[in-house]
Amino acid sequence: MAVPGSSRRQPSNRGLVSHCTHHHIVVFLLTFFSYSLLHASRKTFSNVKVSISSQWTPSCLNSTTFELRPNELWNSNHLFPNAEEATLFLGTLDTIFLFSYAVGLFVSGIVGDRLNLRWVLSFGMCSSALVVFFFGTLTEWLHFYNKWFYCCLWVVNGLLQSTGWPCVVAVMGNWFGKAGRGFVFGLWSACASVGNILGAFLASCVLKYGYEYAFLVTASVQFAGGVIVFCGLLTSPKEVGLPELGADEEGSVEEDANRPLMGDDDADDDEGNYSIQAADTDSQPKAIGFFQACCLPGVVLYSLAYACLKLVNYSFFFWLPFYLSNNFGWKEAEADQLSIWYDVGGIIGGTIQGLISDVLQKRAPVLAISLLFAVGSLFGYSRSPNSKPINAVIMAITGFFIGGPSNMISSAISADLGRQDLVRGSSEALATVTGIVDGTGSIGAAVGQYLVSLIQENLGWMWVFYFFILMASSTILFISPLIVREIRLLLHERRLRMLAE
């Protein structure tokens with residue numbers, strides 16, 4: 001059995017660069033921007049909540065104001081008697097979307113491992129764009145307002161959007177091996193934050209013309225992106241005659257970044273028994289089953305942890321612009337632009353923390369330290385003054401310590417789990433494992449969005465932040481066995497290196 005840190009060469013970022021071709025760059029950019037566009041359309045909904053709430057409630061509350069007749073002509077858009085009920089319904093729509101999104105993730109992961117990933121991704125992007133157009137633009141143009149219709153459209157939108165993440169992570173996992181995966185996926189997982197920034201920017205630019213145009217712009221761009229993905233995305237190196245990732249590129253070494261989660265220390269003795277099919281082989285690897293994927297080491301613990309963390313991350317995603325407008329009285333367009341700083345912090349956090357995890361060759365300790373700081377940053381942001389510069393700084397710090405770990409779990413760690421030794425003979429496990437992790441996270445986020453609106457309405461925003469602190473602490477609790485295990489391995493490797501010297 002090999003001694004950790006001695007005879008086996010550790011994966012390095014230099015090896016990653018040396019194997020990178022222009023196909024890798026194109027795949028990186030296409031998957032990056034395809035998911036950015038999906039997130040931009042989601043962000044649009046959160047950015048126009050104030051405008052939608054105003055449209056759905058009476059504008060004149062003075063009892064002396066005369067009533068316009070006929071009622072169905074002048075007041076058909078007044079779905080709710082006051083802004084509080086409209087806000088609660090918007091929270092319900094968020095919950096509906098996330099529940100259907102979570103269910104769709106479990107299904108999309110399985111479908112993505114059995115069908116062409118390019119077809120599934122492009123279909124989801126184009127179809128979701130049409131649903132967003134119907135929801136926000138066509139209904140307003142036709143002056144058609146119906147709560148049940150909105151709910152049905154958002155269920156369908158959640159199912160269609162769920163095709164995105166498992167597919168793009170699987171494609172990235174097919175092209176990029178374990179060497180430098182923390183850094184590459186940390187940088188690449190900024191796609192969600194870039195999408196949030198893009199959605200906020202597009203919405204703020206056209207919101208003065210009406211919220212329906214914000215939906216129109218993002219839906220049009222997303223549909224065009226789906227067409228480009230269908231025409232240009234390569235889902236695997238074998239499509240252009242390049243060899244697929246081999247065992248050495250996957251870094252199946254004992255000092256591997258997730259080795260404590262992936263199997264026993266002597267698993268590398270059987271390393272030669274695993275291989276990825278050659279480019280000229282016609283046989284397809286058998287896709288892993290759903291329950292088999294759930295039983296893989298680390299999948300359940302990271303899924304539960306991500307359920308708590310995604311609840312917090314998506315609460316900022318859905319409610320931050322509304323919170324800034326509601327709590328500080330800032331204009332909606334200003335709140336949209338200021339909320340970008342949370343995503344900027346998430347981009348920087350995901351990249352830096354991914355790089356650190358590559359250097360340490362461990363993921364869980366990096367997550368634990370970041371989440372401990374996240375608790376403090378949440379407490380600090382809950383007491384942020386009515387000052388835009390100070391609010392933006394604390395918001396970026398909060399995004400760094402919450403968005404960073406969230407990006408790492410949903411991308412690099414999911415790819416690690418989907419390509420561990422136990423599934424080395426089945427390269428069709430990536431989308432399934434990613435769907436399980438992200439699907440479980442979305443269930444937690446779905447429950448959280450309704451709880452946020454409920455807590456805010458009854459107890460106020462301060463208790464919402466206390467709830468976030470509790471969820472961030474629960475994330476640490478779920479991954480604590482993995483943290484202890486990886487720290488022990490780090491200390492063991494350090495002792496061996498000292499003895500070798």
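Glycine is no exception: its Cβ is also placed from the backbone N, Cα and C atoms.
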Labelled N-linked glycosylation site in Swiss-Prot - which residue from ASN273, ASN313 would that be?
ASN273
With Cβ distances under 8 Å as the criterion, find the stretch in 87-107, 298-320, 340-360 that has the most pairs with the transmembrane segment (459-479).
298-320
Surrounding residues of the transmembrane segment (87-107) on its own chain - C-beta under 8 Å, 6+ positions past either end:
42, 45, 49, 52-53, 56, 79-80, 147, 150-151, 154-163, 165-166, 290, 314, 318, 322, 435-436, 438-443, 445-447, 449-450, 452-454, 457
What stretch in 20-40, 153-173, 183-203, 340-360, 364-384 has the biggest tally of Cβ pairs under 8 Å against the transmembrane segment (214-234)?
20-40
Looking at the stretches 153-173, 183-203, 298-320, 364-384, 393-413, which one shares the most CB pairs under 8 Å with the transmembrane segment (20-40)?
183-203
Surrounding residues of the transmembrane segment (364-384) on its own chain - C-beta under 8 Å, 6+ positions past either end:
309, 312, 349, 353, 356-357, 390-391, 394-395, 397-398, 400-402, 404-405, 408-409, 461-462, 465-466, 468-469, 472-473, 475-476, 479-480, 482-483, 485-487, 490
Answer yes if the transmembrane segment (153-173) and the transmembrane segment (435-455) have at least three CB pairs under 8 Å among residue pairs 6 or more apart in sequence, and no otherwise.
yes
